[in-house]
């Protein structure tokens, strides 16, 4: 029963959906399976909202995906994006660390928010269809990217959450499990993009914070979601076209 409690706790921790309460240690110990669990649930909600509203709004319903995604997450990852944006713009290391705990949003946070919204809206306005499969890929891969970086990157000294998650995830079998999730929900285009983003954010985290933190991981999940969504929509057509052309 304890394992089911840990699995259910992923839902209440990563979304606003009420579920079993658990300690941070319990959540972290089972978080390696959260990309699939949370990814499937949130993709179903994302698609349901867009599908129902598209009956009245047509393709304009795609724009509702942005607020839907953030509401389901409880704006927690978005808060991390704002904090990391401020840290990114701070000049010295101590100011970068301080920015992660500053309740006020600075120019860096607003700037990174505009980048995120611009990317998301550009993606939504550029696609002609929005499939459940693409949403599932984006949800799973963006979360797997964040969780994998928590597992392989040492946390910064002041990040309590980062320390707990890293301690519970830095295990070869759990890391392998996350990689399996990435492969299962990816095609060649997605996997190449995942590897590029993994390297980019890994070096960005080290150059900016000298490690990982909850805010940094929240920023990664937030920024990578629309990127994976676009690649999924574009690559699904290319992948299956090339696959059937070989048969």
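Any Cβ shown, glycine's included, is placed from N, Cα and C.
Annotated transmembrane segment per Swiss-Prot: 32-52, 105-125, 145-165, 183-203, 212-232, in sequence order, evidence recorded as sequence analysis.
Below 8 A, the CB atoms of the transmembrane segment (145-165) and the transmembrane segment (183-203) form 3+ pairs separated by six or more positions in the chain. Sequence-distant contacts of the transmembrane segment (183-203) (same chain, six or more residues past either end, CB-CB distance under 8 Å): 36, 39, 136-137, 140-141, 144-145, 148-149, 152-153, 220, 224, 227-228, 231-232, 234-236, 238-239. Taking Cβ pairs closer than 8 Å, the transmembrane segment (105-125) reaches residues 62-63, 65-66, 78, 81-90, 99, 219, 222-223, 225-227, 229-230 in its own chain, all 6 or more past its ends.
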